[in-house]
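One structure is given here, and the rest of the page talks about it.
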Amino acid sequence: MNHIQEAFLNTLKVERNFSEHTLKSYQDDLIQFNQFLEQEHLQLKTFEYRDARNYLSYLYSNHLKRTSVSRKISTLRTFYEYWMTLDENIINPFVQLVHPKKEKYLPQFFYEEEMEALFKTVEEDTSKNLRDRVILELLYATGIRVSELVNIKKQDIDFYANGVTVLGKGSKERFVPFGAYCRQSIENYLEHFKPIQSCNHDFLILNMKGEAITERGVRYVLNDIVKRTAGVSEIHPHKLRHTFATHLLNQGADLRTVQSLLGHVNLSTTGKYTHVSNQQLRKVYLNAHPRAKKENET
């Protein structure tokens with residue numbers, strides 16, 4: 001990458017508090033763009049709208065999802081906007097490029113009985129289950145991101161207020177409450193999980209060697225739980241986040257509260273969770289519609 005691109009990434013890190021994960025995505029987008037420039041014998045400074053359209057076609061030819069293409073174009077549009085503030089001769093070739101529409105999807109979630117089955121799998125008090133259960137409890141009870149989970153320190157847990165302070169996107173702190181089951185799980189883990197009693201750091205969630213667990217490690221733990229649970233398949237940390245939001249909304253929580261708990265900046269981001277299960281839809285319909293049931297039906 002050239003010095004302008006490096007300065008751009010540094011600005012995102014210092015002034016806009018972008019996470020390392022987000023910065024890595026921006027960096028990868030710029031590297032791929034540079035490879036295209038080299039392949040087509042194009043220059044960054046003379047890149048124009050026609051070239052931008054060709055680049056869009058190039059991305060689609062690599063069989064990328066529309067969401068990925070949309071993000072890559074957004075990265076380059078933002079980069080050129082930054083460059084324009086430094087050089088008045090620069091023109092943003094991506095400003096008129098129409099964003100590819102993102103695929104619409106309903107977030108996947110677990111039904112309540114599926115969650116109960118997952119918890120039943122880790123209910124026996126073995127050393128591994130103590131750790132696995134606290135991971136499952138925290139993700140489901142709080143809806144936090146896996147990146148937030150792995151960075152929780154022991155001092156972030158507030159047993160007086162029954163909640164945890166996490167560092168979210170943009171380095172923003174938020175407090176998320178948890179319930180009695182999650183509290184008990186954390187207490188049992190801290191008291192009986194041997195690696196945490198002998199480690200020399202403050203991270204809460206550890207691997208079996210006593211080291212701070214990684215995001216990949218969390219995914220491995222969740223996949224292992226699913227393998228041991230009958231009737232449940234396909235799990236990932238964000239699915240538990242979807243489940244957290246869906247179950248709250250299904251039980252009557254308002255959208256603003258869920259937005260705050262999830263740490264979303266925009267309410268529209270939380271809006272995707274307003275879907276409900278078919279079972280819940282039918283329940284609401286049967287109870288609400290005047291002609292949903294005959295008089296002799298219950």
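Just so it is clear, glycine is given a Cβ too, placed from its N, Cα and C backbone atoms.
Quick look at what Swiss-Prot lists:
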{"type": "ACT_SITE", "residues": "R145", "note": "active site"}
{"type": "ACT_SITE", "residues": "K169", "note": "active site"}
{"type": "ACT_SITE", "residues": "H238", "note": "active site"}
{"type": "ACT_SITE", "residues": "R241", "note": "active site"}
{"type": "ACT_SITE", "residues": "H264", "note": "active site"}
{"type": "ACT_SITE", "residues": "Y273", "note": "active site, O-(3'-phospho-DNA)-tyrosine intermediate"}
{"type": "DOMAIN", "residues": "1-84", "note": "domain 'Core-binding (CB)'"}
{"type": "DOMAIN", "residues": "105-286", "note": "domain 'Tyr recombinase'"}
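The structure, with features from Swiss-Prot marked on it.
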| residue | record | CB count, 10 Å |
| --- | --- | --- |
| R145 | active site | 20 |
| K169 | active site | 16 |
| H238 | active site | 14 |
| R241 | active site | 22 |
| H264 | active site | 19 |
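Within the set of active-site residues R145, K169, H238, R241, the entry lying nearest in space to H264 (active site) is K169 (CA atoms). Over the domain 'Tyr recombinase' (105-286), the average per-residue pLDDT in this prediction is 86. Between the CA atoms of R145 (active site) and K169 (active site) there is a gap of 10 Å, rounded to the nearest whole number. Classification of H238 (active site) by DSSP places it within a helix. Under DSSP, K169 (active site) is assigned to a helix (H, G or I) in the three-state scheme. Separation of the C-alpha atoms of K169 (active site) and H238 (active site): 15 Å, rounded to the nearest whole number.
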